[in-house]
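I have placed the structure first, in the form of structure tokens, so that the comments after it can refer back to it.
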Amino acid sequence: NKYCNIKCSKVAHTVCQYGESTKPSSKCNKVSITSVGVTEEEKKLIVDEHNRFRQKVAQGLETRGNPGPQPAASDMNNLVWNDELAYIAQVWASQCQFFVHDKCRNTAQYQVGQNIAYSASTAAYPGIVSLIVLWENEVKDFNYSQGITKENFSKVGHYTQVVWAKTKEVGCGSIKYIEKGMKSHYLVCNYGPAGNYMGQPIYTKK
């Protein structure tokens, strides 16, 4: 397949390594999969929630931080959905290698970034927006003037990708499954072009 021509520092592309199918892999047998993929409604929710939060930050309305508030931004793009990013994210989500990032997810167009989220409940499957909010909440630990560092990256890296100004497109894959009686929702979002370059500001201060 065409993805076998895309190499990332010698590592095979996810779609080359695991194949073109988005069906759950045999690794998923340890859980009970109930749905694969995002619905049209969920796609809209994902894009709208990212843009709502990006605009909130860009307008200087995010009061949280370490220290807060976050400065306003002058260069924040509005994100649009990208089906190819979503497809590659879904191939990876369907491997059930939970909480691990894949090694090569780029497209011919983009270097691609990634966020992963998980939530579970006994009552109902956690909604897709609640998973994105987990990423946004990392803003509480972010110091804009310090930026992304090796030390803080694990605490703030999802937030910084969500609001990385130069990112233009997002596409996500998801699986819902039951494990030990818990209704679990696992979300992988891919971003193009990627954010989270150390030493670069996440956006230009207004």
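Any Cβ shown, glycine's included, is placed from N, Cα and C.
Since this is a predicted model, take the numbers as computed values, not measurements.
The following features are taken from Swiss-Prot:
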- Cys4-Cys16: disulfide bond (DISULFID)
- Cys8-Cys104: disulfide bond (DISULFID)
- Cys28-Cys96: disulfide bond (DISULFID)
- 48-191: domain 'SCP' (DOMAIN)
- Cys172-Cys189: disulfide bond (DISULFID)
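Features recorded in Swiss-Prot, as mapped to the structure shown.
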residue: Cys4; record: disulfide bond; contacts (Cβ under 8 Å, 6+ apart): Ala12, His13, Cys16
residue: Cys8; record: disulfide bond; contacts (Cβ under 8 Å, 6+ apart): Lys103, Cys104, Arg105, Asn106
residue: Cys28; record: disulfide bond; contacts (Cβ under 8 Å, 6+ apart): Ser94, Gln95, Cys96, Ile175, Tyr177
residue: Cys172; record: disulfide bond; contacts (Cβ under 8 Å, 6+ apart): Val38, Lys43, Ile46, Leu85, Ala86, Ala89, Leu187, Val188, Cys189, Asn190
Would you identify the secondary structure of Cys28 (disulfide bond) according to DSSP, in three states?
helix
Find the average pLDDT over the domain 'SCP' (48-191) in the predicted model and report it.
98
Return the count of C-beta atoms lying within 10 angstroms of the C-beta of Cys104 (disulfide bond), excluding that atom itself.
19
